[in-house]
Amino acid sequence: MREKLSETRSPVPLLYRRHSSGDIMHNLASVSSSLLPAFGTVVGGDSPPLRKYVIAPYDRRYRWWQAFLVVLVIYSAWSSPFELAFKKVTTGSLLYVDLAVDFFFAADIILTFFVAYLDKSTYLLIDDHKKIATRYVTHMMFPMDVASTLPFQSIYRLFTGRLHRGEVFGFLNLLRLWRLRRVSELFSRLEKDTRFSYFMTRTIKLIFVTLFAVHSAGCFYYWIATHHKHSSDTWIGSIIDKFEDRSIWLGYTYAMYWSIVTLTTVGYGDLHAVNPGEKIFNIFYMLFNIGLTSYLIGNMTNLIVHSAVRTFVMRDSINEILRYASKNRLPEGLKEQMLAHMQLRFRTAELQHEEVLEDLPKAIRSSISQHLFRKTVEKTYLFKGISEDLSRQLVTDLKVEYFPPKVEVILQNEIPTDFYIVVSGAMEVLTHKNGMEQSLTKLGPMDMFGEIGVFFNIPQPFTVRSKKLSQVVRITHHHFKQLVQPLDEDGKTIMSNFTQYLRDLKKEVQEEMPFLTDLLLDLNIEQTTPVDETQNHEAPNYGREEGEGTPTSVLQNAVPLRVIIHGHHPNEETTDNKRTGKVVHLPDSIEDLLNLAEKKFGKRGTTILMADASQVEDLNALRENDHLFIS
């Protein structure tokens, strides 16, 4: 029964075990080193726990134990080549240190028999003691762990009662270098862990690789000198007589000096190969150095260039702009705006990170937008009093933009496609008369602009320019229309806010929009526009795409359709080219339309005709900007 549970156990128990022991993963960086459940695994609190006396491989306490062993591995990596070259320390000062280190690795071998493992074929966590032991013993790791841990020198002394100073034990000690795999695994894990700097982790790894190569080469080179027939006919013996009887650290210093000089290809020539054996070793060492140097330089270059690549791109982009402006003889002011925008784009790239956010689930992106901009949106005049649901949906798909000082965000008479909310900074509303620029008002945080053109589907009445570095959020008219149309109450609230805003505009601003007088009359927002009565075609579509229909208010549920009414029969000839039609919002019934026409033209009509003289019997058949003739 226990085996059956083990075979069906998912990796989830590990995660719950960590949680139950108080190891809550506050930092998401731990995901990079945690055991993830397979697709289709049901995550639930009823998952079976690990068996008794079984250790989770990613338990924090076990991880700390592994980190402690890595420190001992560093010592082993230094001592193994060192003891091969200098046999005196093998039976002297380092003997007891080696025994203590071997003891900890022996304890780790025993501990491994109690560590659960992940089955690579089923991706299930196996905690059966027999399977754990069988897997470890039959794997190459077990004999190598044992061979690298056994203190051969001490075992020989225990059985024979004397020390053996032969070379065999020096080479057996090199088996401890098998432990270096732990260091490689540690760095591999740290490079994926976002709690640590990738640059620093990679740099430290490269330093360790270099030091180990220098240390090992120096020790082997010294070992070659000690085993030559004539000590004077060696690289160090030709300089120091009877070097074997001198201080260990003196020989080690010379060996490290030679190794570093050779690795860096300096080659002073004071220490050089004398006999054929040393020359052969130098050949292979220098060939190895070519690969090692390429590896080091390639990695360091990649790390440094990666940190500066954005600067390179920015400089290239700026140079391209300067060349373009010079080639096309653009004005100096326009060129400065282009440069300011490009520099701001790179300065704000870390704040926006659009390519990063695009990879996130929509729910996370929505939560980010809610946190950053919801209060700003709710404090704007247009959205006061709207429902929480609409507020949440509006904020979800906002587009954030930055503008440097003195840059036009909206141009007068451009097609209305978006309106904006100022998050920070300041904007200036401008108009142009007779080629002169006139400032009307200033906007600050939580103010809006561009909404008048969007609501009435008319060219933007004003130019809006940034006064200083500003952050704005942009709402497209299409998205706004889709959100508000199904919500009658919110649509009425928004129209009420918008109407009140228009009433409260400064006098000089209202004077720039003469159509507001009729729009605000009797709360029936209407626009009086001169229309040549000989024109029977619909109003221009301002470049809208096919499928969007003619220009309409973004709040069709709150505001009726606009139509153009005429006070005469469509076939009636007139020589008055200045005769105008009236653009009004379509009322609810034909009777109301006739009353409205009487009010506008001063005479009562009885029939409503289209431009082709066909009679209108149902107002629902009309479209935006249709021409109606009251006769």
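We count from 1, first residue shown onward.
Note: Cβ is positioned from N, Cα and C throughout, glycine not excepted.
Going by TrEMBL, these are the annotated features:
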DOMAIN    382-501  domain 'Cyclic nucleotide-binding'
DOMAIN    562-631  domain 'KHA'
REGION    531-551  region 'Disordered'
TRANSMEM  64-82  transmembrane segment
TRANSMEM  94-118  transmembrane segment
TRANSMEM  206-226  transmembrane segment
TRANSMEM  247-268  transmembrane segment
TRANSMEM  280-305  transmembrane segment
Secondary structure content, the domain 'KHA' (562-631) (per DSSP, counts of residues): 15 helix, 17 strand, 38 coil
Contact set, same chain, for the transmembrane segment (247-268): CB under 8 Å, 6 or more residues outside the stretch: 82, 85-86, 88-89, 210, 213-215, 217-219, 221-222, 235-236, 239-240, 282, 285-286, 289, 292-293
Recorded stretch, among 64-82, 94-118, 206-226, maximising Cβ pairs under 8 Å relative to the transmembrane segment (280-305): 206-226
The domain 'Cyclic nucleotide-binding' (382-501) [mean pLDDT, rounded to integer]: 86
DSSP-derived helix, strand and coil totals, residue by residue, for the domain 'Cyclic nucleotide-binding' (382-501): 39 helix, 43 strand, 38 coil
